[in-house]
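Colleague: Can you keep this structure in mind? I'll have questions shortly.
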Amino acid sequence: MKEDTLVVHEIYASVQGESTFAGLPCTFVRLTGCNLRCAWCDTSQAFYGGKRLRRSDVLERALALGTSLVELTGGEPLLQPGSLPLLKELCDAGRTVLVETSGEADVSRVDPRVHKIMDLKAPGSGESHRNRWSNLDHLTPRDEIKFVLADRADYEWMRDTIRERRLDARGVTLLASCVWGKLAPRDLVQWVLDDGLRVRVQVQLHKVIWGADAQGV
């Protein structure tokens, strides 16, 4: 796949639903394709299809929506070679840029101005064996690690991973999120308090506003 084109599922403006940027107006560029199949995935519609566009057209459409915050997401956006130059071009245009990535794809070549929101997959995802642990060496204090948790076992895995790998000493923001409809946020909050974890518990704001099945929001 050439760097001058991208297969795009959708481009739209909404509010950011997750991360420390939650609630801010944001343009989302959702690319097609993912090499993981997480058990709880809520964007499986982006696995296939989409439309191949010139990268310059994707940039133009993203900037035209007018938000100062832009996120590249998927699927797994870093699978497409054109994603790296697009991220750079968005930064060059003066936007605050986020990339949402699974933690399996290599993040070492992402423009350092980009805020990387990187998953570490818990066992309940069925993909925890795909975590690329070397990615941790390429995170900076502007980046965030997200854990999506389906149950108590996932929580304990997150807790132990944070402690064993001293993630809270790396300066990155740690996010803990519940699989929608599987784990009650109140339970997660209590476990975090009981263990004194330095994580930010988050809910998916877009699902609170528009419902769990809404797309393009």
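Numbering starts at 1 and runs along the chain as it is shown here.
Just so you know, glycine gets a Cβ as well, placed from its N, Cα and C.
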Colleague: Going by TrEMBL, Val15, Gln16, Gly17, Arg30 bind substrate; tell me which of Thr73, Thr96, Thr101 is listed for that site too.
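Modeller: Answer per TrEMBL: Thr73.
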Colleague: Kindly point out which candidate in Gly23, Gly66, Gly75, Gly82 is recorded by TrEMBL as part of the S-adenosyl-L-methionine site with Trp40, Cys41, Asp42.
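Modeller: Between Gly23, Gly66, Gly75, Gly82, TrEMBL records just one in the S-adenosyl-L-methionine site with Trp40, Cys41, Asp42, namely Gly75.
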Colleague: In this structure, which of the binding-site residues Gln16, Thr43, Thr73 has the fewest other Cβ atoms within 10 Å of its Cβ?
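Modeller: Ranked by other Cβ atoms within 10 Å, the binding-site residues Gln16, Thr43, Thr73 bottom out at Thr43.
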Colleague: Under a three-state reduction of DSSP output, how is Cys38 ([4Fe-4S] cluster binding site) classified: helix, strand, or coil?
Modeller: coil
Colleague: Looking at the binding-site residues Val15, Gln16, Gly17, Arg30, Gly75, whose Cα is closest in space to that of Cys38 ([4Fe-4S] cluster binding site)?
Modeller: Gly75
Colleague: Which whole-number value in Å describes the distance between the Cα atoms of Thr73 (substrate binding site) and Thr43 (Mg(2+) binding site)?
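Modeller: That comes out at 10 Å between the alpha carbons.
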Colleague: Return the residue, from the listed binding-site residues Gly17, Gly75, with the maximum count of other C-beta atoms within 10 angstroms of its C-beta.
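Modeller: Per the Cβ count within 10 Å, the most buried is Gly75.
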